[in-house]
Amino acid sequence: VEWTDKERSIISDIFSHMDYDDIGPKALSRCLVVYPWTQRYFSGFGNLYNAEGIMSNANVAAHGIKVLHGLDRGMKNMDNIADAYTDLSTLHSEKLHVDPDNFKLLSDCITIVLAAKMGHAFTAETQGAFQKFLAAVVSALGKQYH
């Protein structure tokens, strides 16, 4: 992936202001509510029976924060995102057997929650850079499936 200086700056700025404790839980919760088939990977998380249960689930919140912090790896390795996620790709494909299409669904939910949080500051240019970044991460996470 080729990055312009402007894209690097946008990604860096997003992560320097990221509210992990707010955006992470909301993004994962949204994914589990909007795409209920993704819940099958979280059977040990307790109450996932309805939106209220998911949104108030401490395990979902904690994992959402963990997932969002996982994006730090890509931000710190923008010139080599694919290699930065080799171990996580292997884990999700070989041990957890996660459908790689779910990474895209979650990335869309992260984008929606971030856009809502940033408001007018989430310009088309910001969205373009952020979605390019997430697409690179999603591709890297799916690498071991091929």
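From the backbone N, Cα and C atoms, a Cβ is placed for every residue, glycine too.
As the structure is a computational prediction, the values presented were derived from the model and not from experiment.
As written in Swiss-Prot, here are the features:
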type: DOMAIN; residues: 2-146; note: domain 'Globin'
type: BINDING; residues: His63, His92; note: heme b binding site
Averaged over the domain 'Globin' (2-146), the pLDDT of the predicted model comes to 92
Composition by DSSP (helix, strand, coil) of residues within the domain 'Globin' (2-146): 120 helix, 0 strand, 25 coil
Determine the Cβ neighbour count for His63 (heme b binding site): the number of other Cβ atoms within 10 Å of its Cβ. 18
